[in-house]
Amino acid sequence: MAQVWKDAEISLDPIKDQTVAVIGYGIQGDAQANNMKDSGLKVVVGLKEGGSSWKKAASDGHRVLTVAEACKEADIIHVLVPDMIQAQLYRDEMGPNISKGKALSFSHAAAIHWKWIEAPSDVDVIMVAPKGPGSKVRETYLEGFGTPSIVAVEQDSTGGAWDRTLGLGKAIGSARAGLIKTTFKEEVETDWFGEQADLCGGSATMVVSAFETLVEAGYQPEIAYFEVLHELKLIVDMIQKYGINGMWRRVSETARYGGLTRGPMVMDSHTKERMGKVLKEIQDGTFNEEWVSSYRKDGRDAFDKYMKELDSHQIEQVGRKMRKMMWPDSTE
């Protein structure tokens, strides 16, 4: 079983006099920086000068600096910009201003694990990764609780890397729920696998296939949309809150029997074998090489071209109409 730390076990003392530079002020940067500040840490925010994020961070009461200035001043540099800009940002602004004894901190392990960034040997390399969106990280903190985080130390140069890691987890509010020990390798491989095989790739592809099956059999697209896509959230919410068996106990008896007996016909041993192939390509670096190469060559078009194809699919055309019925004021 994984090791878990709780709030009462952790002290902020080891980092209370250290300055934390939060690099980036998107959804996670906003939430984590404000939680740290409210927990009493010395926080600066490192951003591109003059942008909308700069104004937002300043209006939230933060001292805002350029990325280079923030890294030079801080003891802990907490990197919360998108994965694919981290390497260049590190080369241009962060790396030249990171000196012995500082800590490089992340909320995702990819840049370090795949060596997009190669940290010097005389700094700590740590991770605090909340398992929820930034809005939830902030919301649960303000409610007096927190969003769990997974935590790891890749490099302990100072001997105090774990104190820094756990202190950040406490300041973010995550220790109130629990800090779960992991490794950089485990975080990125399981995170990418979940995104590809289940959460994003697998579930979206399954929904499209189910929709096509019904429409090709002569059913109305609008009805198919409701049955295979719209109602999915109800089931996922139950699974998240009550577990898989808890979901089975809360659906109709017909849904329970049909799902338990027919589900394995859809997701069978061959599906699991293909999932294994997806995992292997993550583990051996095949996917990383493909992704980085595609992004360097095509930028956002590396994935936009697939999304453009889906935009013309019937499930999206019908979906836009159905969503307008339920949320007339929403924009997509």
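Cβ coordinates come from backbone N, Cα and C, glycine included.
Annotation source Swiss-Prot lists domain 'KARI N-terminal Rossmann' at 1-182, citing sequence analysis. Averaged over the domain 'KARI N-terminal Rossmann' (1-182), the predicted model reaches a pLDDT of 97.
Feature annotation from Swiss-Prot assigns NADP(+) binding site to Tyr25, Gly26, Ile27, Gln28, Lys48, Ser53, Asp83, Met84, Ile85, Gln86, Gly134. DSSP classifies Ile85 (NADP(+) binding site) as helix under the three-state reduction. Around the Cβ of Ile85 (NADP(+) binding site), a 10 Å sphere holds 11 further Cβ atoms from the protein chains shown.
For His108, the entry in Swiss-Prot reads active site, with the evidence type sequence analysis. Taking Cβ-Cβ distances under 8 Å and a sequence separation of 6 or more, the neighbours of His108 (active site) in its chain are Asp83, Met127, Ala129, Glu187, Val188, Asp191.
Per Swiss-Prot, domain 'KARI C-terminal knotted' is recorded for 183-329. With DSSP states grouped into helix (H, G, I), strand (E, B) and coil, the domain 'KARI C-terminal knotted' (183-329) comes out at 124 helix, 0 strand, 23 coil.
Annotation comment: Swiss-Prot describes Asp191, Glu227, Glu231 as Mg(2+) 2 binding site, evidence class sequence analysis.
Annotated Mg(2+) 1 binding site per Swiss-Prot: Asp191, Glu195, in sequence order, evidence recorded as sequence analysis.
Long-range C-beta contacts of Ser252 (substrate binding site), restricted to its own chain and to partners at least six residues apart, with a cutoff below 8 Å, are absent. Under the heading substrate binding site, Swiss-Prot lists Ser252, citing sequence analysis as support.
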For Glu195 (Mg(2+) 1 binding site), which residues in the same chain are close in space, meaning a Cβ under 8 Å from its Cβ, but six or more apart along the sequence? Gly201
Students should find that the Cβ of Asp83 (NADP(+) binding site) has, within 10 Å, a number of other Cβ atoms equal to 18
Expressed to the nearest Å, what is the distance separating Glu231 (Mg(2+) 2 binding site) and Ile85 (NADP(+) binding site) at their Cα atoms? 36
Cβ atoms near Lys48 (NADP(+) binding site) (within 10 Å, other residues, all chains): 14
Check the DSSP secondary structure of Gly134 (NADP(+) binding site), expressed as helix, strand or coil. helix
Integer Å value for the Cα distance linking Tyr25 (NADP(+) binding site) with Glu227 (Mg(2+) 2 binding site) is 38
